[in-house]
Amino acid sequence: MQKNFLSQQFNAGTLAENSTACPANATICDGTSCVLAEDNFNQTLSIVLSTVLTIMLALVMFSMGCNVELKNFLGHIKRPWGIFVGFLCQFGIMPLTAFLLSLAFNILPIQAVVVLIMGCCPGGTASNVIAYWVDGDMDLSISMTTCSTLLAMGMMPLCLFIYTKMWTDSDAIVLPYESIGLSLVALVIPVSFGIFVNHKWPSKAKIILKVGSIVGAVLIVLIAVVGGILYKGSWIISPKLWIIGTIFPAAGYSLGFFLARIAGLSWHRCRTVSLETGMQNTQLCSTIVQLSFTPEQLELMFTFPLIYSIFQLLFALLILGGYRLYRRHRIKTKTNVEKTAQKEDSKSSVIINGGFVSDEMK
(Lines of atoms letter the chains of each structure in order from A and count residues from 1; the text may use other names and numbers.)
(Lines give C-alpha, C1' and ligand atoms only; values in the text may rest on other atoms or scores of the structure.)
Protein backbone atom coordinates (compact mmCIF):
# COMPACT_ATOMS: atom_id res chain seq x y z
CA MET A 1 0.00 0.00 0.00
CA GLN A 2 2.74 2.39 0.98
CA LYS A 3 4.69 1.38 -2.13
CA ASN A 4 1.73 2.23 -4.42
CA PHE A 5 1.29 5.57 -2.66
CA LEU A 6 4.98 6.44 -3.16
CA SER A 7 4.71 5.38 -6.81
CA GLN A 8 1.73 7.67 -7.33
CA GLN A 9 3.62 10.54 -5.68
CA PHE A 10 6.61 9.92 -7.93
CA ASN A 11 4.44 9.90 -11.06
CA ALA A 12 2.65 13.07 -9.97
CA GLY A 13 6.00 14.73 -9.29
CA THR A 14 7.35 13.66 -12.67
CA LEU A 15 4.27 14.97 -14.47
CA ALA A 16 4.57 18.24 -12.57
CA GLU A 17 8.20 18.56 -13.64
CA ASN A 18 7.29 17.75 -17.25
CA SER A 19 4.45 20.25 -17.22
CA THR A 20 6.82 22.96 -16.04
CA ALA A 21 9.40 21.87 -18.64
CA CYS A 22 6.96 22.48 -21.51
CA PRO A 23 6.06 26.00 -22.56
CA ALA A 24 2.62 27.29 -21.66
CA ASN A 25 1.60 27.53 -25.34
CA ALA A 26 2.47 23.85 -26.11
CA THR A 27 -0.41 22.04 -27.80
CA ILE A 28 0.88 18.51 -27.05
CA CYS A 29 3.20 17.56 -24.17
CA ASP A 30 4.48 13.98 -23.80
CA GLY A 31 7.35 13.85 -21.31
CA THR A 32 10.13 16.07 -22.57
CA SER A 33 8.69 16.10 -26.11
CA CYS A 34 6.55 19.18 -26.69
CA VAL A 35 4.75 20.36 -29.82
CA LEU A 36 4.35 24.12 -29.98
CA ALA A 37 1.63 25.98 -31.77
CA GLU A 38 2.73 27.33 -35.16
CA ASP A 39 3.92 30.90 -34.95
CA ASN A 40 2.13 32.88 -37.66
CA PHE A 41 3.33 36.26 -36.44
CA ASN A 42 5.49 37.03 -39.45
CA GLN A 43 2.82 35.88 -41.89
CA THR A 44 0.12 37.95 -40.18
CA LEU A 45 2.41 40.97 -39.99
CA SER A 46 3.26 40.64 -43.67
CA ILE A 47 -0.43 40.56 -44.63
CA VAL A 48 -1.22 43.61 -42.49
CA LEU A 49 1.75 45.59 -43.81
CA SER A 50 0.98 44.61 -47.40
CA THR A 51 -2.65 45.70 -47.04
CA VAL A 52 -1.78 49.03 -45.44
CA LEU A 53 1.03 49.61 -47.93
CA THR A 54 -1.21 48.89 -50.93
CA ILE A 55 -3.96 51.26 -49.77
CA MET A 56 -1.62 54.08 -48.77
CA LEU A 57 0.53 53.80 -51.89
CA ALA A 58 -2.62 53.90 -54.02
CA LEU A 59 -3.45 57.26 -52.43
CA VAL A 60 0.12 58.46 -52.87
CA MET A 61 0.14 57.37 -56.53
CA PHE A 62 -3.08 59.35 -57.02
CA SER A 63 -1.21 62.44 -55.83
CA MET A 64 1.80 61.58 -58.04
CA GLY A 65 -0.55 61.34 -61.01
CA CYS A 66 -1.53 64.96 -60.33
CA ASN A 67 1.98 65.92 -61.54
CA VAL A 68 1.71 64.04 -64.83
CA GLU A 69 0.84 65.77 -68.07
CA LEU A 70 -1.13 63.44 -70.32
CA LYS A 71 0.60 64.84 -73.40
CA ASN A 72 4.09 64.17 -72.02
CA PHE A 73 3.09 60.73 -70.70
CA LEU A 74 1.79 59.67 -74.11
CA GLY A 75 4.95 61.14 -75.65
CA HIS A 76 7.08 58.65 -73.69
CA ILE A 77 4.82 55.82 -74.87
CA LYS A 78 5.07 56.91 -78.52
CA ARG A 79 8.84 57.56 -78.35
CA PRO A 80 9.88 54.98 -75.77
CA TRP A 81 13.67 55.48 -75.78
CA GLY A 82 13.70 56.35 -72.08
CA ILE A 83 11.39 53.43 -71.29
CA PHE A 84 13.63 51.10 -73.33
CA VAL A 85 16.73 52.21 -71.40
CA GLY A 86 14.84 51.60 -68.17
CA PHE A 87 13.81 48.16 -69.45
CA LEU A 88 17.47 47.25 -70.09
CA CYS A 89 18.36 48.38 -66.58
CA GLN A 90 15.44 46.63 -64.90
CA PHE A 91 15.59 43.25 -66.61
CA GLY A 92 19.19 43.34 -67.85
CA ILE A 93 21.41 44.97 -65.24
CA MET A 94 19.57 43.91 -62.07
CA PRO A 95 19.28 40.13 -62.73
CA LEU A 96 22.88 40.02 -63.99
CA THR A 97 24.11 41.93 -60.92
CA ALA A 98 22.20 39.52 -58.65
CA PHE A 99 23.80 36.56 -60.44
CA LEU A 100 27.33 37.97 -60.18
CA LEU A 101 26.93 38.88 -56.49
CA SER A 102 25.67 35.37 -55.70
CA LEU A 103 28.71 33.86 -57.42
CA ALA A 104 31.18 36.30 -55.89
CA PHE A 105 30.04 35.64 -52.29
CA ASN A 106 29.50 31.91 -52.86
CA ILE A 107 26.25 31.84 -50.88
CA LEU A 108 23.98 28.84 -50.42
CA PRO A 109 21.84 27.86 -53.46
CA ILE A 110 18.60 28.75 -51.66
CA GLN A 111 20.05 32.16 -50.74
CA ALA A 112 21.24 32.74 -54.31
CA VAL A 113 17.71 32.09 -55.53
CA VAL A 114 16.17 34.78 -53.29
CA VAL A 115 18.82 37.30 -54.43
CA LEU A 116 17.94 36.48 -58.04
CA ILE A 117 14.21 36.80 -57.36
CA MET A 118 14.87 40.28 -55.99
CA GLY A 119 16.91 41.16 -59.08
CA CYS A 120 14.12 40.00 -61.40
CA CYS A 121 11.33 41.95 -59.68
CA PRO A 122 9.91 45.07 -61.37
CA GLY A 123 10.42 48.57 -60.03
CA GLY A 124 8.59 49.66 -56.91
CA THR A 125 6.16 52.57 -56.63
CA ALA A 126 8.32 54.19 -53.93
CA SER A 127 10.68 55.28 -56.74
CA ASN A 128 7.98 57.62 -58.04
CA VAL A 129 7.89 59.50 -54.74
CA ILE A 130 11.69 59.86 -54.54
CA ALA A 131 11.83 60.85 -58.24
CA TYR A 132 9.49 63.74 -57.46
CA TRP A 133 11.76 64.98 -54.65
CA VAL A 134 14.89 64.90 -56.84
CA ASP A 135 13.13 66.80 -59.66
CA GLY A 136 13.06 63.76 -61.90
CA ASP A 137 10.87 63.23 -64.96
CA MET A 138 7.60 62.12 -63.35
CA ASP A 139 6.06 61.17 -66.70
CA LEU A 140 9.00 58.86 -67.41
CA SER A 141 9.05 57.53 -63.83
CA ILE A 142 5.41 56.47 -63.81
CA SER A 143 5.52 55.09 -67.36
CA MET A 144 8.63 53.04 -66.45
CA THR A 145 7.02 51.65 -63.29
CA THR A 146 3.86 50.76 -65.21
CA CYS A 147 5.72 49.12 -68.10
CA SER A 148 8.14 47.18 -65.87
CA THR A 149 5.25 45.81 -63.78
CA LEU A 150 3.36 44.80 -66.93
CA LEU A 151 6.41 43.26 -68.61
CA ALA A 152 7.28 41.40 -65.40
CA MET A 153 4.54 38.91 -66.31
CA GLY A 154 6.85 37.52 -68.99
CA MET A 155 10.32 38.79 -68.09
CA MET A 156 10.42 37.40 -64.54
CA PRO A 157 9.91 33.75 -65.62
CA LEU A 158 12.45 34.22 -68.44
CA CYS A 159 15.13 35.79 -66.22
CA LEU A 160 14.61 33.22 -63.46
CA PHE A 161 14.84 30.41 -66.01
CA ILE A 162 18.15 31.77 -67.34
CA TYR A 163 19.88 32.62 -64.05
CA THR A 164 18.61 30.01 -61.55
CA LYS A 165 19.40 26.90 -63.63
CA MET A 166 22.67 26.24 -61.81
CA TRP A 167 21.01 26.41 -58.36
CA THR A 168 17.45 25.12 -58.68
CA ASP A 169 14.68 24.24 -61.07
CA SER A 170 12.87 27.43 -62.07
CA ASP A 171 9.58 25.50 -61.99
CA ALA A 172 9.95 25.28 -58.21
CA ILE A 173 9.52 29.06 -57.95
CA VAL A 174 5.88 30.13 -57.77
CA LEU A 175 5.20 33.48 -59.41
CA PRO A 176 2.11 35.18 -57.93
CA TYR A 177 0.66 36.69 -61.09
CA GLU A 178 -2.33 37.90 -59.10
CA SER A 179 0.03 39.98 -56.90
CA ILE A 180 1.72 41.43 -59.97
CA GLY A 181 -1.68 42.22 -61.42
CA LEU A 182 -2.78 43.82 -58.16
CA SER A 183 0.37 45.98 -58.15
CA LEU A 184 -0.41 47.05 -61.70
CA VAL A 185 -4.02 47.91 -60.84
CA ALA A 186 -2.93 49.77 -57.68
CA LEU A 187 -0.60 51.82 -59.87
CA VAL A 188 -2.59 52.49 -63.05
CA ILE A 189 -6.01 53.35 -61.59
CA PRO A 190 -4.86 55.96 -59.01
CA VAL A 191 -2.44 57.55 -61.48
CA SER A 192 -5.20 57.75 -64.10
CA PHE A 193 -7.46 59.58 -61.64
CA GLY A 194 -4.56 61.88 -60.77
CA ILE A 195 -3.92 62.71 -64.43
CA PHE A 196 -7.63 63.46 -64.87
CA VAL A 197 -7.66 65.78 -61.84
CA ASN A 198 -4.55 67.56 -63.14
CA HIS A 199 -6.24 68.05 -66.50
CA LYS A 200 -9.54 69.34 -65.09
CA TRP A 201 -8.41 71.23 -61.95
CA PRO A 202 -4.68 72.12 -62.22
CA SER A 203 -4.69 74.38 -59.13
CA LYS A 204 -6.24 71.70 -56.90
CA ALA A 205 -3.87 69.11 -58.36
CA LYS A 206 -0.86 71.11 -57.12
CA ILE A 207 -2.21 71.10 -53.55
CA ILE A 208 -2.90 67.34 -53.70
CA LEU A 209 0.61 66.77 -55.09
CA LYS A 210 2.32 68.64 -52.25
CA VAL A 211 0.35 66.81 -49.56
CA GLY A 212 0.77 63.44 -51.25
CA SER A 213 4.51 63.81 -51.75
CA ILE A 214 5.03 64.53 -48.05
CA VAL A 215 2.73 61.69 -46.98
CA GLY A 216 4.49 59.35 -49.41
CA ALA A 217 7.94 60.19 -48.05
CA VAL A 218 6.78 59.64 -44.46
CA LEU A 219 5.02 56.41 -45.42
CA ILE A 220 8.11 54.91 -47.07
CA VAL A 221 10.25 55.56 -43.99
CA LEU A 222 7.51 54.37 -41.62
CA ILE A 223 6.97 51.05 -43.40
CA ALA A 224 10.72 50.33 -43.41
CA VAL A 225 11.07 51.16 -39.70
CA VAL A 226 7.96 49.21 -38.61
CA GLY A 227 8.96 46.20 -40.69
CA GLY A 228 12.49 46.24 -39.30
CA ILE A 229 11.32 46.45 -35.68
CA LEU A 230 8.39 44.02 -35.77
CA TYR A 231 9.67 41.18 -37.95
CA LYS A 232 10.89 38.47 -35.60
CA GLY A 233 14.38 37.27 -36.41
CA SER A 234 14.82 39.92 -39.08
CA TRP A 235 18.42 40.53 -38.07
CA ILE A 236 19.38 36.86 -37.71
CA ILE A 237 20.68 36.13 -41.18
CA SER A 238 23.93 35.25 -42.92
CA PRO A 239 26.49 38.12 -42.93
CA LYS A 240 27.00 37.50 -46.65
CA LEU A 241 23.35 38.36 -47.31
CA TRP A 242 23.78 41.53 -45.25
CA ILE A 243 26.69 42.56 -47.48
CA ILE A 244 24.79 41.70 -50.68
CA GLY A 245 21.75 43.58 -49.39
CA THR A 246 23.98 46.63 -48.99
CA ILE A 247 25.84 46.42 -52.30
CA PHE A 248 22.93 45.39 -54.52
CA PRO A 249 20.75 48.55 -54.35
CA ALA A 250 23.84 50.80 -54.54
CA ALA A 251 24.95 48.96 -57.69
CA GLY A 252 21.45 49.31 -59.15
CA TYR A 253 21.38 53.08 -58.61
CA SER A 254 24.90 53.59 -59.99
CA LEU A 255 24.67 51.34 -63.03
CA GLY A 256 21.21 52.64 -63.93
CA PHE A 257 22.48 56.22 -63.86
CA PHE A 258 25.57 55.49 -65.96
CA LEU A 259 23.68 53.47 -68.57
CA ALA A 260 21.08 56.24 -68.89
CA ARG A 261 23.85 58.82 -69.31
CA ILE A 262 25.63 56.70 -71.93
CA ALA A 263 22.29 56.41 -73.75
CA GLY A 264 22.22 60.21 -74.00
CA LEU A 265 19.36 60.94 -71.60
CA SER A 266 19.21 64.31 -69.84
CA TRP A 267 20.36 64.66 -66.24
CA HIS A 268 16.89 64.68 -64.70
CA ARG A 269 15.97 61.56 -66.68
CA CYS A 270 19.22 59.88 -65.60
CA ARG A 271 18.20 60.45 -62.00
CA THR A 272 14.79 58.97 -62.77
CA VAL A 273 16.19 55.84 -64.45
CA SER A 274 18.67 55.41 -61.59
CA LEU A 275 15.89 55.38 -58.99
CA GLU A 276 13.66 53.11 -61.06
CA THR A 277 16.53 50.63 -61.40
CA GLY A 278 17.66 50.50 -57.77
CA MET A 279 14.24 50.56 -56.08
CA GLN A 280 12.64 47.13 -56.45
CA ASN A 281 9.19 45.82 -55.53
CA THR A 282 10.32 44.12 -52.31
CA GLN A 283 6.75 43.23 -51.30
CA LEU A 284 6.41 41.14 -54.45
CA CYS A 285 9.72 39.41 -53.70
CA SER A 286 8.53 38.54 -50.18
CA THR A 287 5.30 37.08 -51.58
CA ILE A 288 7.17 34.89 -54.09
CA VAL A 289 9.54 33.64 -51.41
CA GLN A 290 6.72 32.71 -49.00
CA LEU A 291 4.82 30.85 -51.74
CA SER A 292 7.84 28.94 -53.04
CA PHE A 293 9.78 27.61 -50.05
CA THR A 294 9.29 25.55 -46.90
CA PRO A 295 9.53 27.07 -43.38
CA GLU A 296 12.97 25.48 -42.93
CA GLN A 297 14.22 27.11 -46.13
CA LEU A 298 12.62 30.44 -45.24
CA GLU A 299 14.75 30.66 -42.10
CA LEU A 300 17.86 30.98 -44.30
CA MET A 301 16.70 33.87 -46.45
CA PHE A 302 13.18 35.14 -45.63
CA THR A 303 14.35 38.53 -44.37
CA PHE A 304 16.61 39.37 -47.33
CA PRO A 305 13.83 41.40 -49.03
CA LEU A 306 13.49 43.43 -45.81
CA ILE A 307 17.25 44.07 -45.70
CA TYR A 308 17.23 45.14 -49.35
CA SER A 309 14.25 47.40 -48.69
CA ILE A 310 16.02 49.16 -45.80
CA PHE A 311 19.23 49.78 -47.72
CA GLN A 312 17.50 50.84 -50.94
CA LEU A 313 15.70 53.44 -48.85
CA LEU A 314 18.88 54.60 -47.09
CA PHE A 315 20.73 55.05 -50.39
CA ALA A 316 17.70 56.80 -51.92
CA LEU A 317 17.70 59.25 -49.00
CA LEU A 318 21.44 59.83 -49.51
CA ILE A 319 20.79 60.56 -53.19
CA LEU A 320 17.99 62.93 -52.23
CA GLY A 321 20.15 64.70 -49.63
CA GLY A 322 23.08 65.01 -52.04
CA TYR A 323 20.87 66.40 -54.77
CA ARG A 324 19.26 68.93 -52.44
CA LEU A 325 22.67 70.16 -51.28
CA TYR A 326 23.85 70.42 -54.90
CA ARG A 327 20.71 72.28 -55.89
CA ARG A 328 21.04 74.74 -53.01
CA HIS A 329 24.71 75.35 -53.83
CA ARG A 330 23.91 75.79 -57.51
CA ILE A 331 21.12 78.30 -56.84
CA LYS A 332 23.38 80.21 -54.42
CA THR A 333 26.22 80.31 -56.96
CA LYS A 334 23.85 81.36 -59.73
CA THR A 335 22.46 84.16 -57.56
CA ASN A 336 25.97 85.44 -56.76
CA VAL A 337 26.90 85.40 -60.46
CA GLU A 338 23.77 87.35 -61.33
CA LYS A 339 24.50 89.93 -58.61
CA THR A 340 28.08 90.32 -59.84
CA ALA A 341 26.83 90.75 -63.39
CA GLN A 342 24.34 93.40 -62.26
CA LYS A 343 27.13 95.32 -60.46
CA GLU A 344 29.33 95.20 -63.55
CA ASP A 345 26.45 96.45 -65.67
CA SER A 346 25.82 99.30 -63.17
CA LYS A 347 29.50 100.35 -63.21
CA SER A 348 29.57 100.29 -66.99
CA SER A 349 26.47 102.46 -67.27
CA VAL A 350 27.90 104.91 -64.72
CA ILE A 351 31.19 105.24 -66.64
CA ILE A 352 29.37 105.68 -69.92
CA ASN A 353 27.03 108.31 -68.46
CA GLY A 354 29.86 110.09 -66.63
CA GLY A 355 28.27 109.62 -63.20
CA PHE A 356 29.87 108.79 -59.85
CA VAL A 357 30.37 105.33 -58.32
CA SER A 358 28.89 104.78 -54.82
CA ASP A 359 30.61 102.76 -52.10
CA GLU A 360 28.15 99.87 -52.65
CA MET A 361 29.30 99.52 -56.26
CA LYS A 362 33.03 99.46 -55.44
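Each residue's number is its place along the chain shown, starting with 1.
The backbone N, Cα and C atoms fix where each Cβ goes, and this holds for glycine too.
Per TrEMBL, the feature transmembrane segment maps to 45-63 (among others).
If you look up TrEMBL, you'll see 83-105 (among others) marked as transmembrane segment.
Per TrEMBL, transmembrane segment is recorded for 112-134 (among others).
Listed as Cβ neighbours of the transmembrane segment (140-163) (distance under 8 Å, sequence separation of 6 or more from its ends, same chain) are residues 64-65, 68, 73, 76-77, 82-83, 86-87, 90-91, 95-96, 98-99, 116-117, 119-125, 127-128, 131-132, 170, 173, 175, 177, 180, 183-184, 187-188, 191, 269, 272-273, 275-276, 281. Look at TrEMBL and you will find 140-163 (among others) tagged as transmembrane segment.
For the transmembrane segment (175-195), the list of distant contacts is 54, 57-59, 61-68, 70, 73, 122, 125, 142, 145-146, 149-150, 152-153, 156-157, 160, 205, 208, 281, 283-284, 287-288, 291: same-chain residues at least six beyond its ends, Cβ to Cβ under 8 Å. The feature transmembrane segment is assigned by TrEMBL to 175-195 (among others).
If you look up TrEMBL, you'll see 207-229 (among others) marked as transmembrane segment.
If you look at the transmembrane segment (241-263), the same-chain residues 6 or more away from its ends with a CB under 8 A from one of its CBs are 81, 85-86, 88-89, 93-94, 97-98, 101-102, 105, 107, 111, 115, 118-119, 269-280, 301, 304, 307-308, 310-312, 315-316, 319. Annotation comment: TrEMBL describes 241-263 (among others) as transmembrane segment.
Per TrEMBL, transmembrane segment is recorded for 306-326 (among others).
Packing against the transmembrane segment (112-134) from elsewhere in the chain are residues 57, 60-61, 64, 67, 86, 90-91, 94-99, 101-102, 141-142, 144-145, 148-149, 151-152, 155-156, 159-160, 163-164, 167-168, 173, 180, 183, 186-187, 209, 213, 216-217, 220, 241, 244, 248, 271-272, 275-285, 288-289, 301, 304-305, 308, 313, 316, 319-320, 323: each is 6 or more residues past its ends and has a CB under 8 Å from a CB in it. Here the transmembrane segment (83-105) has Cβ contacts under 8 Å with residues 76-77, 111-112, 115-116, 118-120, 122-123, 140, 143-144, 147-148, 151, 155, 159, 162-163, 167, 240, 243-244, 247-248, 251-252, 255-256, 259-260, 263, 265, 273, 276-277, 280 of the same chain, all six or more residues outside its ends.
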